[in-house]
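So the structure is just underneath, and the comments pick up after that.
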């Protein structure tokens with residue numbers, strides 16, 4: 001089907017944009033599904049990676065905008081939101097307004113009311129409803145990318161509640177779900193009252209195989225071929241032909257070790273001097289130096305310990321072909337789109353406190369990355385196994401079906417978190433209405449069991465915590481409404497309220513309080529971390545909680561204290577690399593912990609204000625910047641971080657006025673180029689105080 005045939009549905013101007021993007025003709029499944037896309041009905045599209053699901057959704061959103069509607073495009077990760085936003089901006093050429101909302105959970109982002117297409121995450125979209133963003137009711141089309149993540153232990157419940165809330169808010173709402181894998185597609189379609197389209201067509205054919213004890217067996221339809229080959233040879237023969245290789249390892253350590261090993265191969269084919277500098281721009285610690293050396297030689301590792309900037313450098317360089325091999329942990333498979341000619345899965349196991357096999361759906365996500373449209377004649381996905389797992393790899397993973405998608409909403413923590421918001425948002429004023437709401441969820445569709453007992457227990461718990469009152473009908477208290485808007489677990493809100501109502505806190509006391517909450521990620525206590533126990537005992541009078549060392553909570557408590565001590569070192573301006581070495585974490589881990597702690601510190605401070613406790617008031621900004629209180633005025637200035645601020649402060653430069661007055665001195669301390677940018681920023685701000 002030629003794209004010109006779409007002009008009647010999306011306008012000739014929109015067709016012009018598609019042609020500018022090099023799209024002259026639709027893929028076969030796109031041509032088959034396009035009628036359903038323009039029907040206006042709810043729709044579920046289950047198609048492999050790169051088969052063109054997103055383009056179909058874009059056409060639906062463009063058509064919606066032409067009709068005067070507004071679309072919300074929901075993705076699972078912030079990084080994906082940024083990627084989609086950049087991709088959708090092409091539609092601005094025909095007058096559409098594209099927006100993105102991924103930040104502060106308390107913000108309503110009212111400026112997005114003028115946008116035609118808004119990209120966001122499911123958590124942010126849910127928080128926009130909780131904070132009563134005025135424009136959210138005007139959304140007429142909801143696109144859910146990766147709707148199979150209803151199955152996610154962590155994110156699935158929020159996605160399910162978001163869809164249920166939005167369908168209740170706007171009875172005429174159109175929902176479009178996109179999925180690469182959906183074994184029980186009819187069940188999800190029934191829940192959404194949707195039509196569905198399923199295709200296994202791929203723009204680049206996929207050949208899958210196993211490498212077992214030096215023998216590679218490839219399965220291409222009904223045919224199979226075999227040959228003797230080593231793992232390293234599989235990598236090199238692909239790189240030699242200018243193909244990209246994506247290797248999946250089960251652990252970070254494995255990913256780093258394999259990337260270092262393979263960099264000796266890729267070094268024969270590339271040299272990346274400039275990229276090395278880009279990797280070391282934000283951090284020059286041990287892991288970053290190892291990554292920079294790999295990248296210089298044309299290989300890279302990719303895992304959650306990398307900084308966001310480093311990940312972007314690696315991803316962009318791999319897409320351009322400057323990096324030939326990326327060795328990643330499985331998290332990459334569900335994240336950004338990085339196709340490669342050959343995907344090699346080094347293990348079907350992952351370690352999660354214990355060793356267990358990955359899901360078939362996880363393998364399918366990894367294998368789905370094989371084959372770059374327009375560049376490769378075919379993609380290859382190869383599993384490396386021992387003799388014991390060969391049959392499982394072939395029967396279950398290569399020829400087997402992904403697991404059925406099941407709702408994860410029935411867990412108490414999810415019920416507690418979402419029941420409070422459902423009451424606060426006015427969807428339920430009685431227990432019966434709360435049950436009615438949950439009867440519209442995917443959980444009820446699948447299980448057809450009442451949650452009345454669990455919901456009553458959750459509501460009584462919220463009553464005991466002072467977040468809900470029941471007097472003829474259910475209503476949120478001031479605390480309950482605040483906790484819902486802050487987007488924290490009600491248990492987190494209760495812990496904050498309980499402690500802050502009765503005691504003032506020191507820095508370490510406040511940081512430990514943050515680390516006590518279920519919303520906070522905690523560091524693992526290693527065998528070599530006996531110093532944590534000693535520090536906990538020394539600081540016991542400053543902590544809001546100190547269990548007996550014989551209690552079952554004691555090990556958990558030590559992990560809370562270790563995380564709090566890590567944050568304390570951060571706000572005391574300890575060197576970033578020293579912190580990472582001391583606590584056994586990577587720079588990306590530290591940034592993630594800091595970001596979560598900043599969000600929770602803000603929530604803690606808001607609750608502290610409600611109970612008249614001022615002891616935690618300056619902490620959020622200190623966590624954000626990683627500084628002592630005396631540097632706050634300097635780090636608020638653009639281009640001045642914790643290291644530059646300390647240099648300036650120690651030299652007697654204390655504020656913006658000092659910087660402008662002593663320009664030459666500032667230039668000698670932080671470099672002339674940076675100093676000029678800082679001064680320019682200060683001048684602009686003084687001319688435009690609101691910028």
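Quick reminder: no glycine exception, Cβ is built from N, Cα and C everywhere.
Features reported for this protein in Swiss-Prot:
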BINDING   30, 47, 48, 49, 50, 51, 52, 53, 54  ATP binding site
DOMAIN    34-200  domain 'Helicase ATP-binding'
DOMAIN    230-421  domain 'Helicase C-terminal'
REGION    400-691  region 'Required for helicase but not ATPase activity'
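Cβ proximity to the ATP site centre (mean Cβ of 30, 47, 48, 49, 50, 51, 52, 53, 54, cutoff 8 Å) flags the following additional same-chain residues: 27, 29, 55, 180, 203. Residues 30, 47, 48, 49, 50, 51, 52, 53, 54 are the ones the record ties to ATP, and the longest Cα gap between any two of them is 13 Å. Figure note: comparing Cβ neighbours within 10 Å for the binding-site residues 30, 54, the maximum is reached by 30. Under a cutoff of 8 A between CB atoms, and with a sequence separation of 6+ in the same chain, the neighbours of residue 50 (ATP binding site) are 202, 203, 204, 339, 371, 373. Computed over the domain 'Helicase ATP-binding' (34-200), the whole-number mean pLDDT of the model equals 95. According to DSSP, residue 52 (ATP binding site) sits in a coil region rather than a helix or strand. Around the Cβ of residue 52 (ATP binding site), a 10 Å sphere holds 23 further Cβ atoms from the protein chains shown. Contacts of residue 48 (ATP binding site) defined by a Cβ separation under 8 A and a same-chain sequence distance of 6+ are given as 180, 199, 200, 201, 202, 206, 368, in order along the sequence.
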